[in-house]
Amino acid sequence: MSRRRRKSPPAEPVITEIESLSHDGRGVSHVNGKTVFVDGALPGEQVEFQYTQTHGRFDEAKVLSVLSPSADRVEAKCPHAALCGGCSLQHMAPAAQVAYKHEVLLEQFTHIGEVQPETVVPPMTGAVWAYRRKARLGVRYVHKKGGVLVGFREKRNSFITDINSCPILIDAVGQHIMALRELISQLSVAKKIAQIEVAASDAHTALVFRNLEPLSAEDETLFQDFFTETGLHIYLQSGGLHTIAPLYPEAAQPLYYALPEQNLKLRFLASDFTQVNADINRQMINRALAWLDPQADETVLELFCGLGNFTLPLAQKAEKVIAVEGDAGLIERAGENAAENQLTNIHYHVADLMDADSTPTWAQETYQKVLLDPPRSGALEVIQKLDFSGVNKLLYISCSPATLARDAGVLVRDKGFSLSQAGIMDMFPHTAHVESIALFEK
């Protein structure tokens, strides 16, 4: 049986009115009764677009020209913004981006959770350029381009975007994209470098090169020269995460970030999850402490604790923190961070928080406050099985408004909470990612 070929999208450009923005930041229109998602379009605009893909229930397209621009439209700072998948909203004024994310959160609360916060707090914002300190950059040798490309993937395909710089990455990396391309092009293993992991600490920035073949002595010299010229620390990764090792400087210097208001320093590995935006992270921690308000005679249960981003500040105020995380490596770093900051009232546990059938001993302890910071899939399994009878406040940090809204509905309808406050945090300016914070109280 032959496979059915996908129908080619119409070749003729189409003029249409944009009605709204989708949750991934694309303009939404309807043409001949069918929904079309248009990259680069804003609500209220009249645009000319080109179809890129057709599907049964919807089509996809990209803007060719804007015939009637929105008042929210601005000129993108990056010349590659229309193509690069690292950003999706550079053509939209930052204030309008924040308003859009705010509306996404409230809409999801209404439609998915069937709840609304009693108080909607002003959005948390910060610098919109050179903010990103954690990223994964693709690397590919492309003969037609005359060498190596380094950058984010293009929108909706696997190609690496042909860029020379990146304004959302911290300057130490974003202004050295061309230098990275030139460096890799000179390597004997230029075709065997798969990606670069970027991890910036307060003191220096690490670049982890995923090398599929060993380097030659000449390659190592090129890396040494690059380190000397840029100050960027070089690591190699020949296999799994356990193979990550420093190349230059030969003795790895610890990566860390500070929380000045709490007088804390947290160490991490280049492969560890850390928040990408240092300013918003600090604001987020301060708001979490203010809302949760842990007391000296209270126990806080923190789930998805990572390497201690919230744990350590909570432990400074509470009598005890029960911190749970599924990644044993992160728990190890969290314990080391607690020891280095002289905090002894944290009880760490490694547990799969997505396992709805387990009955862990830590869940049987008594606690008055809860902090959740789950991945995009949310925290439904652990919420459903925990006993919140003694809890007076629960703080939820979310990177997905849809799963936050779903979980909020369960907390309000089934667990006896009210959704007292919520708001967005603009952790990823110029993207459609919506980070949010919500407080549930009894």
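Glycine is treated like the rest: Cβ placed from N, Cα and C.
The feature active site, nucleophile is assigned by TrEMBL to Cys399. Counting only same-chain residues at least 6 apart in sequence, those with a Cβ under 8 Å from the Cβ of Cys399 (active site, nucleophile) are Pro375, Arg376, Met427, His433, Val434, Glu435. DSSP assigns Cys399 (active site, nucleophile) to coil in the three-state reduction, placing it in neither a helix nor a strand.
Among the features that TrEMBL reports, active site is placed at Cys399.
Positions annotated as [4Fe-4S] cluster binding site by TrEMBL: Cys78, Cys84, Cys87, Cys166. Its Cβ taken as reference, Cys84 ([4Fe-4S] cluster binding site) is surrounded by 23 other Cβ atoms within 10 Å in the chains shown. According to DSSP, Cys84 ([4Fe-4S] cluster binding site) sits within a strand segment.
According to TrEMBL, the S-adenosyl-L-methionine binding site annotation covers Gln275, Phe304, Asn309, Glu325, Asp352, Asp373. In the three-state DSSP assignment, the secondary structure recorded for Gln275 (S-adenosyl-L-methionine binding site) is coil. Over all protein chains present, the Cβ of Gln275 (S-adenosyl-L-methionine binding site) has 22 other Cβ atoms lying within 10 Å.
Look at TrEMBL and you will find 7-65 tagged as domain 'TRAM'.
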DSSP state at Asn309 (S-adenosyl-L-methionine binding site), helix/strand/coil: coil
Report, in whole Å, the straight Cα-to-Cα distance of Asn309 (S-adenosyl-L-methionine binding site) from Cys87 ([4Fe-4S] cluster binding site). 26
Candidate with sparsest Cβ neighbourhood (10 Å radius) among Cys78, Cys87, Cys166, the listed binding-site residues: Cys78
